[in-house]
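For reference, the structure discussed in these notes is given below.
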Ligand SMILES: Nc1ccn([C@@H]2O[C@H](COP(=O)(O)OP(=O)(O)OP(=O)(O)O)[C@@H](O)[C@H]2O)c(=O)n1
Ligand SMILES: C[C@](O)(CO)[C@H](O)COP(=O)(O)O
């Protein structure tokens, strides 16, 4: 099994600013149905190393992050713990493993419930985004440190987006009802960063199905801000994404000389 050395990292707190501790919650309890049959997605190999290990390292590579809470498949917490014990992480990073739930939202909530006191900034990062660069992680942390309640990495869209009505019956066409102004749309990634109290309140208050944590904060009526996302922070969702992730990793290894 390949076990790459850790790349160097990132931001030091501005002089005179109190150190605010940051934890990352990694929801990794999904099955990965869209990726096809196999082990739970987070445990599948990317460059010979489980995707989850890449994601944990991506968080731990940021000097801002001192605790990573991994939310494991419900019956797989022991396996995930052994897996992480077997891979190198920076000594400054503590890791907790907790069992997840039936939805991403529930898994994140379980991770939040396990967070010890003393962490005032929380990142939520999909295990399915194993290749997010450390600069993106640091930009999110910086924006929360600068006072934002919630921060998302965001990219402009390459495709035009259509809003459709559901098909009248399976196999029937979906009528297009609108073409939103693309210049004002963004595809958002993770890690998303939050003041801990805001994220906890969102998860205690919002009960409807929202596909990202920042969306839950929006439901509280609070402002979410963006920082530039990164193409390599894409989510491994379908089989082609895994091919792309392997190619990105191979290019990095070539550039890094190993
Ligand atoms: N019950 C769940 C469902 C999802 N996730 C996590 O949420 C992240 C984003 O979800 P997604 O990419 O949709 O993963 P899956 O739910 O595994 O994918 P699919 O919908 O194809 O099954 C992933 O890291 C996934 O492990 C989770 O922790 N708990
Ligand atoms: C959180 C997220 O990755 C932001 O783009 C996304 O909403 C997760 O969606 P999924 O369908 O649960 O993968």
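Placement of Cβ uses the backbone N, Cα and C atoms for every residue, glycine included.
Secondary structure from DSSP puts residue 34 (site 'Transition state stabilizer') in a helix. Within its own chain, residue 34 (site 'Transition state stabilizer') has 237, 238 as residues 6 or more apart in sequence whose C-beta sits under 8 angstroms from its own. Under the heading site 'Transition state stabilizer', TrEMBL lists 34 (among others).
Listed in sequence order, 30, 31, 32, 35, 51, 127, 128, 236 are the same-chain residues six or more apart from residue 41 (site 'Transition state stabilizer') with CB atoms under 8 A from its CB. Under the heading site 'Transition state stabilizer', TrEMBL lists 41 (among others).
For residue 182 (site 'Positions MEP for the nucleophilic attack'), the count of additional Cβ atoms within 10 Å of its Cβ stands at 13 [all protein chains shown]. The site 'Positions MEP for the nucleophilic attack' annotation in TrEMBL covers 182 (among others).
On its own chain, residue 235 (site 'Positions MEP for the nucleophilic attack') has 126, 128, 129, 189, 241 as residues at least 6 apart in sequence with a Cβ closer than 8 Å to its own Cβ. According to TrEMBL, the site 'Positions MEP for the nucleophilic attack' annotation covers 235 (among others).
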